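Peer 1: Found this in TrEMBL, in case it helps:
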type     : residues      : note
DOMAIN   : 71-249        : domain 'UmuC'
BINDING  : Asp75, Asp172 : Mg(2+) binding site
SITE     : Ile80         : site 'Substrate discrimination'
ACT_SITE : Glu173        : active site
Amino acid sequence: MTAPSDPLAVSSAIAVACDRELNEPSDVPPTSTHTSVTLRARVRRRWAGSSGRTITASHGDTGVVPGSDWVLHVDLDQFIAAVEVARRPELRGRPVVVGGAGDPTLRAVVATASYEAREFGVHSGMPLRLAKKRCPDAVFLPSDPPAYEEVSAHVMDVLRELPAVVEVLGWDEAFLGARTDDPEALADAARRAVKAATGLECSVGIGDNKLRAKLATGFAKPAGVYRLTRDNWVEVMAGRPVTALWGIGSRTAAKLAELGIGTVAGLARAEPAALAARFGPATGPHLRRLALGAGDTDVTATPWVAKSRSRETTFQRDLTDPEEIRQEVRLLARRVVEDVRAEGRPATRVVVKVRFVPFSTRTRGVSLAEPTMEVDRIEDAAVAALARFDGTRAVRLLGVRAEFAGGPP
């Protein structure tokens, strides 16, 4: 994997490749993730709207021109913490950590942390006990999903008053698709409208596709607006680590590092054949297209459809008895079956999630012989998936996920 030594030549080569590939059709689907049966997932379905309208960002050889379609990504800043502070104004300016029952002596993880708490190294997904060690003076509050759902619903309704198609991503974020010659003005209008209606701040990323709009939001935070398009993609992103790209995590980054790839520019100029050999014929080229800034351009209000249903439990004591662990998995599987039947869609695959002591998480899955909503078959599949784990390690969390076949019910 040789590369030009001249930085200007590198930038020029990437820009040319970006222009070429963004206008070529791709067989690679956008990055997707399985969605659990969380309120975050349910609100997407509830608020996605039913109009089915779609807007597609258009591209020309010289980039997006005035009057063309734009993608905006609206992200509520520190959403859960902000809702809690709005309910308790006396907490403004103090480090606030939300998660579990709000008791850092119990096993649970941080749902969100205020910016003040983040300055101490507290972040989402961190055990509450560790958050307490890092920020002893933080205010710990229990998670209140119904309250967040209500506020989020209000925010999405506010966004729908704007001249744009709204695609809900979760409690705290949405894509807007709009035809305008001044996307910054629309972004500012969105920020002002949300602030006036709820008192909450949001950041807005502007892009010529979803990937760039999503990444732009990171540069906009907090409470700002940022535009990222093919025009400034190389300047802004080329020298950043591959983990800066939406869809590339630490594990993929480690595999890329084995190929000598550490930056967005390095990935953009990587040999497609080498990437395909390491990651597969679909994922390899897809990773390179991410580095080139390629992304989906459709923003749609079509109702969101869940890809899975899941349940999980964090235990206040470590589980070491294999039979007890199996029984807990069976119990979770039965709860998942209730959700599957309520959805009215049979499961095609069952996945078990195990978090071992101290905090390492692994998943294993089993495909079903045929789609089913039968409790015995889903239970048995969950137990079979559990058998693929190391049964000698202590367990602190278990989860079961039932995945559906693609397409709407």
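Backbone N, Cα and C atoms are what each Cβ position is placed from, and that goes for glycine too.
Note: TrEMBL annotation is automatic and uncurated.
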Peer 1: Between Ile80 (site 'Substrate discrimination') and Asp172 (Mg(2+) binding site), find the distance joining the two CA atoms and give it rounded to the nearest Å.
Peer 2: 8
Peer 1: Per-residue pLDDT averaged over the domain 'UmuC' (71-249) comes to what?
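Peer 2: A mean pLDDT of 96 is what the model gives the domain 'UmuC' (71-249).
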Peer 1: Counting every protein chain present, what is the number of Cβ atoms, excluding its own, within 10 Å of the Cβ of Ile80 (site 'Substrate discrimination')?
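Peer 2: 27, counting other Cβ atoms within 10 Å of Ile80 (site 'Substrate discrimination').
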Peer 1: If H, G and I count as helix, E and B as strand, and all else as coil, what does DSSP give for Asp172 (Mg(2+) binding site)?
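Peer 2: SS state of Asp172 (Mg(2+) binding site) = coil.
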